[in-house]
Amino acid sequence: MTVLIEAHGIHKQFSGVPVLRGIDFTLLSGQVHALMGGNGAGKSTLMKIIAGVETPDSGELNVEGKPFARLKPGQAHQLGIYLVPQEPMLFPNLTVRENILFRLPRGNDPEKRLADKLQQLQCQLNLDAAASTLEVADQQMVEILRGLMRDAKILILDEPTASLTPGETERLFRQIRALQDLGVGIVFISHKLPEIRQLASHVSVMRDGAVVLSGETTQFDDTALITAMTPVSREQGLSDTQKLWLALPGNRRTQAQDFPVLRVEDLTGEGFIDLSLEIYAGEIVGLAGLVGSGRTEFAETLYGLRPTRGGRIWLENQEIGEDSVLTRLEKGLVYLPEDRQVSGLFLDAPIRWNTVALNEPSLWQQRKREAAVVERYHRALGIKLNHPDQIVRTLSGGNQQKVLLARCLEANPLLLIVDEPTRGVDVSARADIYQLIKSVAAQNVAVLMISSDLDEFPGLADRVLVMHQGMFSGELPRHAVSLDRMMALAFGGQS
């Protein structure tokens, strides 16, 4: 196998803080090279430098033997380098077809090539739909197709399966293997060890801006990889200090009630029909299903972002079906959205402002309180930051997710709806978030958790509701929650 790209001694700083410290990295043709690391380790920054999106402070890139001090995005594309970002970046008002073919040369019948790619992926994308209507999983597939249509020799996949269902993941893996046979080199950034072992012949682990482990995947067991990412052994539970810092700010809930926090009767809306459920204080209810089953649409309707077409919603025995989003929020219904960069965070605002954005205090107490709130969640969640005024866009994906979680908790929820809360989050941070959800529920907050990673529900959810084509196909109590049963119900079968 020939060397496609080599990075030598790459250094990079943001605001005087080193994020890459002398990185060396090599990718061969036909190789899947996995890149692991905790949140803020520098993985995405390194890949953005290779793709020409960021400029290194020092170091050199060699692409098929040609040296470059830096690359520009257009130059990287011409060299066959394509980055599929963790957060899809599509033109929302263009169609799927227009997004995929944007600025692609007209020769070689692109429409036919696109049809062939879709068939190879067994992908059911509606090419005439507006990109803004797609769920995150479908947006991810559009990004991947963009790269494939540009005959990428070097394909960088940043957490490509984070929001894909098992079936979509397996189809993607088949396409990756086909690309390997064509000599395409693939950098596969993931936190999912089974996927890395299934796909990657080589693995590199980054920590604090440096490569701390690299070699053939078979050389290392899971413990070695996790230890390299997180050098300090972490308990699965939160420490007493963290629990203290995570105590919710208000006193809205002190004890469980004998009536449900949320009651929904025959609710119909965009993407779902006749849904009924009850969630009680202190209960964690999982909402499983395939992408397109209507889970996110249901959550957004509960929050008031989408209109209802029928049915009723009660929050603590108060009907809220006609309430605005702001009124529902004031009553304690808080929603953590699926796409943190588009729907969740104010990326160009400071961390302190993002953290209290849902319950802004009066101006005279604002700044002092914001600093105290950021300090609380910095300690409790381990948010990696330099200072409260740091712009959210400069944080790693996992730390952005923690800021969004902090904002939701600071809003003093009665019902917390979390949509894909661990998307793009590393192994140790996932454990923190799971324990955080348990800690919140222990304070008698009702939690509705949506996840495409079905392995998250056993041991976490008190029960799991499964959706199929906009309807509930079944409910599993804690003792019956298993991957096989959830998958069977998600495909419309029996558990």
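Cβ coordinates come from backbone N, Cα and C, glycine included.
Keep in mind it's a predicted model, so treat the numbers as computed, not measured.
The Cβ of Lys43 (ATP binding site) lies under 8 Å from the Cβ of Leu35, Met36, Gly37, Asp158, Ile189, Met206, each of which sits 6+ residues away along the same chain. The feature ATP binding site is assigned by Swiss-Prot to Gly37, Gly38, Asn39, Gly40, Ala41, Gly42, Lys43, Ser44, with sequence analysis given as support.
If you look up Swiss-Prot, you'll see 5-233 marked as domain 'ABC transporter 1'.
The feature domain 'ABC transporter 2' is assigned by Swiss-Prot to 256-494.
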Please work out the number of neighbouring Cβ atoms within 10 Å of the Cβ of Gly40 (ATP binding site), leaving out its own Cβ. 24
Suppose we draw a 10 Å sphere around the Cβ of Gly38 (ATP binding site). How many other Cβ atoms does it contain, all chains included? 26
Restricting to the same chain and to sequence separations of six or more, state which residues have a Cβ under 8 Å from that of Ala41 (ATP binding site). Met206, Arg207, Asp208, Gly209, Met229, Ser396
Find the average pLDDT over the domain 'ABC transporter 2' (256-494) in the predicted model and report it. 86
